[in-house]
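Enquirer: The structure is given below, and queries will be raised subsequently.
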Amino acid sequence: MIIGPVSATRVAGRYLTHQQGLPQLPVPPLQQTCERYIMALEPIVEVDELKYTKELVEDFQKAGGVGERLQRGLEKRACNTENWLSEWWVRLAYLEYRMPVVVHSSPGLVLPHMNFSDKVCIFCSETLPVEYLGGKPLCMNQYYEVLSSCRVPGLKRDSVVNHARSSPSPKHIVVVNNSQFFVLDVYNSDGTPLTVDQLSLQLKRICSSSVAKCTEPVGILTTQHRDSWGRAYINLIKDKTNKESVDAIQRSIFTLCLDGAMPAVSEEMYRSSAAVQMLHGGGTQWNSGNRWFDKTLQFIIGEDGTCGANYEHAPAEGPPIVALIDHVVEYTRKPEMVQPPMVPLPSPKKLHFSITPEIKRDIEEAKQNMNKLAQDLDIRVIMFGHFGKNIPKAYKMSPDAFIQMALQLAYYRMYQRCCATYESASLRMFRLGRTDTIRSTSSASAAFVKSFDDPNKQNAEKVDLMEKAVKAHRSYTNMAINGQAIDRHLLGLKMQAVDDKLSIPDLFKDAAYAKALHYQLSTSQVPSKTDCVMCFGPVVPNGYGVCYNPMNNHINFAVSSFNSCEETNAADLAQAVEDALLDMRKLLEQNPRAKL
């Protein structure tokens, strides 16, 4: 869902100077995509379904057919735009997606339990270093989109406002405490950032002036279905005071949510409980009203030292968020040398809202819906402590591919079948690149998982199948990050038909295409220097969301599912993944040929 499986290297350099030198996203050859599409379907559809789809594909790609016409249109679009995909992708995947952003779209990030009271970091995007992957510079555009930006609800399509480039650029953050919003200027009148002592003073002022929980938390409206929120938003901003308050939130550099208590849980369940707070706030009895979920970046600090973030997905993928988090964590470890100016600080300004009976009804409806969603989501965070990247590397295997094969094995053991699996691949090697799909389920992965527990198969054969599955995944990953995967190309061909006002080709109405896009495993690797884990909800009602951060000697996992689906269980899958990883290591250790 959020970040490619290959870690990037950060190298100091002038921000955006290399942007124009980045290559444009290619349009893959039509025949190549059609062939790879059939290969991707093989492990997840029945033989008779596949036979029918092959006929549709043949008809689609035949000489002089509709596929060729759409391909030419796509190639022409690629010549006339900076990136033929990005505008379509943001619109379809985010702005026109009408489910609530909370759980369904916006990831949460759980940081280690920390004490932030001794240090606060303010950052600006101009100082961030350029990132490289395999010596190639990556697109840095998303870094410009994270700060001072916000999603704005619409009736059928949302939009994103970005105030970072406005003049003067915003100099405030918004602090939320007890569901009340405050503007906190983070720069002194001479342009210097507030010191730790100054920030501490201002935050104490905010806390002391918002002791009681607000009974009408306006922020809860941002958890609604997007069409409902779009209608409520029009009513909300009719009032001048409300509009000014919303503008201040949207313009802010980011929001800082100072959370109240979270449920008392066992030490074993602490990180899972923290993930709930970062993802949706736990419902209205806890902290769901203490948010503005449309805000691109929300830092969340609990009164017990639980901390993390939530981010709205439309402007950016995970890498800029994780880079900022790493930057913040590193910064908090350095001593502060600055002396505060002797000028008294103005008190933070509370943002007021005029609540009409209609807005009150909208708030009550949002509370009820948020509570239903909070009760429906099950999330488990585990720290797999037996090994990390070190073991796959010792056997010359890609850690990401190794973990993905463990996920495939875990799922197969639970359901005795393979499913469509999504892992995001970063397209940031290309100008304005976002993501494509690594299809982790392959014929090679299917052969591996089906053989693993077969007593009639020798260990040497199982190791061979494991190595082939890992190599197939690595190969698909390389293909995807180089712009040669199938999913965004197929989407582009479909969108080209819409733009050309042609009827949608039968290929895209086929049951197999729907099955290919029904990701019962939606996964993402989010590597980070910080010992954290990102989390997100499933993308289908009977699916799982799986996010992981492989450290050298352990792996952090977050697994989510919906309680309303009887056939899925986050705790069961988390346990099955642990078992699969251990069994895969055991197989390698028992087979002399696999050892170095």
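Each residue's number is its place along the chain shown, starting with 1.
The backbone N, Cα and C atoms fix where each Cβ goes, glycine too.
Since we're looking at a predicted model, the values are computed, not measured.
Straight from TrEMBL, here's the annotation block:
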ACT_SITE  His313  active site, proton acceptor
BINDING   Lys389, Lys393, Ala394, Tyr395, Lys396, Met397, Ser398, Pro399, Asp400, Ser426, Arg474, Gln525  CoA binding site
BINDING   Tyr422, Ser424, Thr435  (R)-carnitine binding site
DOMAIN    25-578  domain 'Choline/carnitine acyltransferase'
Enquirer: Out of His313, Ser424, Thr435, the recorded positions in the record, which is closest to Lys396 (CoA binding site) when you go by Cα distance?
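Expert: When the Cα distances are compared, Ser424 comes out closest.
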Enquirer: Whole-number answer please: how many Å between the C-alpha atoms of Arg474 (CoA binding site) and Thr435 ((R)-carnitine binding site)?
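Expert: Roughly 17 Å, rounded to the nearest whole number.
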Enquirer: Expressed to the nearest Å, what is the distance separating Thr435 ((R)-carnitine binding site) and Lys389 (CoA binding site) at their Cα atoms?
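Expert: Thr435 ((R)-carnitine binding site) and Lys389 (CoA binding site) have their Cα atoms 24 Å apart.
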Enquirer: In Å, rounded, how far does the Cα of Ala394 (CoA binding site) sit from the Cα of Ser424 ((R)-carnitine binding site)?
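Expert: Their Cα atoms are separated by 25 Å.
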Enquirer: In Å, rounded, how far does the Cα of Ser398 (CoA binding site) sit from the Cα of Ser424 ((R)-carnitine binding site)?
Expert: 16
Enquirer: Pick the one among the binding-site residues Ser398, Ser424, Thr435 whose Cβ has the fewest other Cβ atoms within 10 Å in this structure.
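Expert: Each of the binding-site residues Ser398, Ser424, Thr435 was scored by Cβ atoms within 10 Å; lowest is Ser398.
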Enquirer: Please compute the mean pLDDT of the model over the domain 'Choline/carnitine acyltransferase' (25-578).
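Expert: In the predicted model, the domain 'Choline/carnitine acyltransferase' (25-578) has a mean pLDDT of 93.
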Enquirer: Using the structure shown, find which entry in His313, Lys389, Lys396, Arg474 (the recorded positions) has the sparsest Cβ neighbourhood within 10 Å.
Expert: Lys396
Enquirer: In the structure shown, which of the binding-site residues Ala394, Asp400, Tyr422 has the fewest other Cβ atoms within 10 Å?
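Expert: Comparing Cβ neighbour counts within 10 Å for the binding-site residues Ala394, Asp400, Tyr422 gives Ala394.
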Enquirer: Between Ser424 ((R)-carnitine binding site) and Lys389 (CoA binding site), how far is it from one CA atom to the other, in Å?
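Expert: The separation of the Cα atoms works out to 19 Å.
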Enquirer: Nearest by CA distance to Tyr422 ((R)-carnitine binding site): which of the recorded positions is it, out of His313, Lys389, Asp400?
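Expert: It is Asp400, whose Cα lies nearest.
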Enquirer: Can you tell me the CA-to-CA distance separating Asp400 (CoA binding site) and the residue listed as 'active site, proton acceptor', as a whole number of Å?
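Expert: Cα to Cα, Asp400 (CoA binding site) and the residue listed as 'active site, proton acceptor' are separated by 23 Å.
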